[in-house]
């Protein structure tokens, strides 16, 4: 009986280690070729490795609300298998990039202009926040909830973010919680409030 229990314990421990390893190594898979071409394509030239989708941002005026322009595998197929992508972030005065996560990559943000309040929350619920000045770089660890806020009431802030994945993914915390089919009564109990408050929050995100 003791032997069976011991064996079960070992198997359980191995299973847990496998899950932890898979979580720790989650990300873009290694490729066995120099680069990945679309299935229907047999050859490419230098234009395949060139992305011009950010040209319109050069000299552009500030948008009316927070805007992100991506250069990920979706927009730029040559990034497939390269474990890297970009995003240009524009923050009009007083705008926020709400709480969100990137499940497949860390984010390295470079503040090109303006000031920006940024922060993330680790797995112990500890907040790490900082006010960035032009030229500063800040890293958001993979999978952790984070935000950016332009507290300047007069000037736009611009930032460039690099990701360690061709498709980092973005999960919006407000939308995931309040714009899904989670029943209002469960949300109310989870946030220790009443259903009417939950419904007002949902209406505010609509």
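Every residue, even glycine, has its Cβ placed from backbone N, Cα and C.
Because the structure is a prediction, the values reported are computed rather than measured.
Over in TrEMBL, the protein carries these features:
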- 1-26: signal peptide (SIGNAL)
- 52-199: domain 'Cupin type-1' (DOMAIN)
- 97, 102, 107: oxalate binding site (BINDING)
- 100, 102, 107, 146: Mn(2+) binding site (BINDING)
Neighbourhood of residue 107 (oxalate binding site) by C-beta distance under 8 A, where only residues 6 or more apart in the same chain count:
139, 140, 146, 161, 162, 163, 168
In the domain 'Cupin type-1' (52-199), how many residues does DSSP put in helix, strand and coil?
24 helix, 55 strand, 69 coil
Other than 97, 102, 107 themselves, what residues in this chain have Cβ atoms within 8 Å of the centroid of the oxalate site's Cβ atoms?
87, 100, 101, 109, 140, 146, 148, 161, 163, 168, 170
Cβ-Cβ distance under 8 Å, sequence separation of 6 or more, same chain as residue 102 (oxalate binding site); the residues meeting this, in order, are 140, 142, 143, 163, 165, 168, 169, 170, 171
Between the binding-site residues 100, 146, the one whose Cβ has the fewest other Cβ atoms within 10 Å is 100
Mn(2+) site shell beyond 100, 102, 107, 146, criterion: Cβ within 8 Å of Cβ centroid:
101, 120, 140, 144, 145, 168, 170
Please compute the mean pLDDT of the model over the domain 'Cupin type-1' (52-199).
94
Cβ neighbour count (within 10 Å, all chains shown) around residue 97 (oxalate binding site):
22
